[in-house]
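Working notes, structure below.
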């Protein structure tokens, strides 16, 4: 056995985890390049000694290491995977392989903590190890490239060493009786990849293959190859193969940590006690509570949980039951959907995953496929199927013909990401977006930065090509269809793409879109438009097709004087005129029956949906709105004021949002379940702005005075809520601020404010209220300060800030919308951030490419670019929402292509039979040429 002693190894800079830092690896590489060719003979033995010396430098604390010990980890992997060559040929090639890698050793890196290893997806396409050409991972940048794009990276960077990964899918070998052989541990599966969900794992198996490829000659070295590879390369290969997905959250402070499979899931014992859970009417078996109920998966008992910050309450009987009986797993009733459920492990004291949840629920008579998220203890599918929006919007029960080819590619749901999928499908159905990204794809790819995964335009071009090329939407062969019909089985399909890299980029730094929770498609649309505005290349900006100018006319009701202003917008928000419902008598009768059923704890009656004429909604849009706290510059005092909005220009593509979501008394979004007869042809020319009319007199351009009350009253703070929060361990002053800024709306709402502001430096500082106890007005010395009368209410500022927006942005939004909370949220998403905020957000989101070169044209003296024209439009798409609020449910997109409607339901793309035009949420119209 060869033992090498190094008495005093040279000190090398190390990283935070004890491994070598970047400079340390450079020193190692320099040592290798200097030692291998000269100090050691060019032989297998000499190369092996050099590898060992290098490994001693790499391993922290190792002064005396045996060769078998230093390579033990790699040898274990070799034993599991099997060697790709005979021992004799490996020894014969050892010298050649070692010498071949010598020139490239300085470029081979070992992944450090924080390095993202992309071994599941190409940076420029949706090629993966499952693809025909496999995936090439650069051994220096750890970026992944498909066969079509790896040459581009080699030419741009000069990096020569890549690891080629390929996953083979094979039919399982059948036994003598014709059935599949018994399952055994697959020692040929070592890539940390998602298995294709379309594959029947009982009939197919995976086999992974890895090898090093050296460019430009494409010299291949099968892996593992312990006998031939230098130690540094062996360590680097092992680290790349064992690296976790770059999309897994690694921030220990993140509130959205990835759930782990419970240790009890596979061994859970369920009692055969005949318990069957009814579809509704649940209550705690110990205290009769009907909310925050948990079903124990061992004995089927239904018990209440404890009080949580989200407002759900209970007496803790579920936890008491676990302490008494030791049954570990429980599922929250009301969260069971066809996609899963919320499972909690009392033993592990955290939310967990249960891969067998469908079987465990079926034990108590619950069919997950028939369940949807509920509200007030009643399931969505308690409603009759013919009127359930889940059934109607998804066109369930119909034989929909699958569509394949360019433009008919589905998008995988990454977990409540259907709002992303629906918006992207609609945008890339617009020719301007297709030209901007797919038409410019070669130029965008050639000029992409060194890390294309963090470049917005690259990822948009990649996404557009994936959707429009047809490469990932290929119909099955006729022979495969016949075989499937004969055998009644599903062959493996690889259609559709996963927008994981794109979503990770555009949502980074955003408190809502970066989570796995359901979001509002309208808000994501505006967020995406904002990113397009900030990152567009040159003069070509595809979001120009949505931009239009709104003229706002504000009139003082007493003096009759007016003020005209203009603002930029990207969509038309249409109010729901509930008072104009054409079936009022049916609605009144339904409401009476619903209340009777609720009082008797019965399932609700058959749903009656309000039918609203579109003309009434359009009329409501054009009606004047009252302006709250209007200060008239003509009267130099507060007065009644009204505001009307008109189109100063018409966009090329008109996006219409139906304002179905409103805020309840608890500030939780609620949905209006209505049916609106949206027209296929729309004419809004009568809404064209006219400007200042003859006989109208403008309001003087005078700012309201600063008014400071002489004897301000003490702030009204609910001390009981303060003490309730303080008992949880939060600082007293922070609790006082939370209760004050949320308008004394209770401890639950104040708790949410605390969670959103815990990291602020003045979190525990005393509460300072403007105008009280000598506190100065923040910013009173700045020009343009509006004074106390125009200061937005702090409770509204706090609500917006709790959503993740900065305080100054919340103040600007509220002032711009006369302190209307709903309009302020729309204003934030429809107005690009100022230059200072752009720089901060670009750092937070790591999207630095093109930002400096493509700042918004807000400094352009000519004003924003608009494509004005006729106000006549034709409907070509709409996005529909199923569920009770924006925080739950599902989104589906319908698009009109080649004269027929097509439904895009995540990965499923089919010809639509009955497009539910009347139940849409966001509608897309294109201008009709004159």
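Glycine is treated like the rest: Cβ placed from N, Cα and C.
Nobody curates TrEMBL annotations by hand; they come from automatic prediction.
Annotation source TrEMBL lists active site, nucleophile at 418. Taken from TrEMBL, the feature active site, proton acceptor applies to 890. Here TrEMBL flags 284, 287, 304, 317 as Zn(2+) binding site. Taken from TrEMBL, the feature domain 'UBP-type' applies to 260-368. For 409-928, the entry in TrEMBL reads domain 'USP'. TrEMBL lists 716-757, 791-831 with the feature domain 'UBA'.
Fewest Cβ neighbours within 10 Å among the recorded positions 317, 890: that distinction goes to 317. The residues of the domain 'UBA' (791-831), classed with DSSP into helix (H, G, I), strand (E, B) and coil, number 29 helix, 0 strand, 12 coil. Residues 284, 287, 304, 317 make up the record's Zn(2+) site, and a Cβ search at 8 Å around their centroid adds 285, 286, 288, 289, 293, 303, 314, 315, 316, 318 from the same chain.
Listed binding-site residues: 284, 304; maximum Cβ neighbour count within 10 Å falls on 304. A Cα-Cα distance of 32 Å separates residue 418 (active site, nucleophile) from residue 304 (Zn(2+) binding site). Applying an 8 A CB threshold to same-chain residues 6+ apart, the list for residue 287 (Zn(2+) binding site) reads 304, 315, 317. Counting in whole angstrom, residue 284 (Zn(2+) binding site) lies 29 from residue 890 (active site, proton acceptor) by their C-alpha atoms. The domain 'UBA' (716-757): residue composition by secondary structure is 29 helix, 0 strand, 13 coil, according to DSSP.
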